Amino acid sequence: MSGRGKGGKGLGKGGAKRHRKVLRDNIQGITKPAIRRLARRGGVKRISGLIYEETRGVLKVFLENVIRDAVTYTEHAKRKTVTAMDVVYALKRQERTLYGFGG
C-alpha cells in the first residue's frame, strides 16, 4: 500500500470529482397530500392552510439534526456509508429510540 489508507486501491492522483447537482428547495418534495396523510394517520380531521410550510420547516430541522448525528457516527467509525445503525444511534442520542432496525 502506498499511503492510501484502508482499502486504498486505484492509480493516479485521485481523478476528477463528478459534478454534483446543487440541492436546494428539495423540501418542497414533501407534498401537501403527503403531509395530509401523515396528519390523518395522527388522527387530524381538518388542516389549516398554514400548516404545510410550518410542517416542512419543522421536518427539515429534525432531519438536519438526525443526519448530522448519524454522519458523526459514520465518520468516527471511519466509514463513508451511513448505516441504519448510525441512524438508530443518532435517534437514541436524541431520546427518540427506534426499534426494529438491528442493535
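Just so it is clear, glycine is given a Cβ too, placed from its N, Cα and C backbone atoms.
The compositional bias 'Gly residues' feature in Swiss-Prot is assigned to 1-14. Feature annotation from Swiss-Prot assigns region 'Disordered' to 1-20. Here Swiss-Prot flags R4 as omega-N-methylarginine. The feature N6-acetyl-N6-methyllysine is assigned by Swiss-Prot to K6 (among others). Per Swiss-Prot, the feature N6-propionyllysine maps to K9, K78 (among others). Feature annotation from Swiss-Prot assigns N6-acetyllysine to K17, K32 (among others); the stated evidence is similarity to another entry. Positions annotated as N6-lactoyllysine by Swiss-Prot: K17, K32, K78 (among others). Per Swiss-Prot, the feature N6,N6-dimethyllysine maps to K21; the stated evidence is similarity to another entry. Annotation comment: Swiss-Prot describes K32 as UFM1 cross-link, evidence class similarity to another entry. For Y52 (among others), the entry in Swiss-Prot reads phosphotyrosine. Taken from Swiss-Prot, the feature N6-glutaryllysine applies to K80 (among others), supported by similarity to another entry. Feature annotation from Swiss-Prot assigns ubiquitin cross-link to K92.
Everything Swiss-Prot records as a feature, shown here on the structure.
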residue: K17; record: N6-acetyllysine; DSSP (3 states): coil
residue: K32; record: N6-lactoyllysine; DSSP (3 states): helix
residue: Y52; record: phosphotyrosine; DSSP (3 states): helix
residue: K78; record: N6-lactoyllysine; DSSP (3 states): coil
residue: K92; record: ubiquitin cross-link; DSSP (3 states): helix
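Nearest in space to K17 (N6-acetyllysine), taking C-alpha to C-alpha distance over the modified residues Y52, K78, K80, is K80. Taking each Cβ in turn and tallying the other Cβ atoms within 10 Å, the top scorer among the modified residues K17, K32, K78 is K32. A sphere of 10 angstroms centred on the C-beta of the residue listed as 'N6,N6-dimethyllysine' encloses 5 other C-beta atoms. For K80 (N6-glutaryllysine), the nearest of the modified residues by C-alpha distance turns out to be K21; the candidates were K21, K32, Y52.
On its own chain, Y52 (phosphotyrosine) has K32, I35 as residues at least 6 apart in sequence with a Cβ closer than 8 Å to its own Cβ.
K80 (N6-glutaryllysine) has a Cβ environment of 8 other Cβ atoms inside 10 Å. A C-beta separation below 8 Å, combined with a sequence spacing of at least six in one chain, links the residue listed as 'ubiquitin cross-link' to L98. Cα of the residue listed as 'N6,N6-dimethyllysine' to Cα of K78 (N6-lactoyllysine): a distance of 25 Å.
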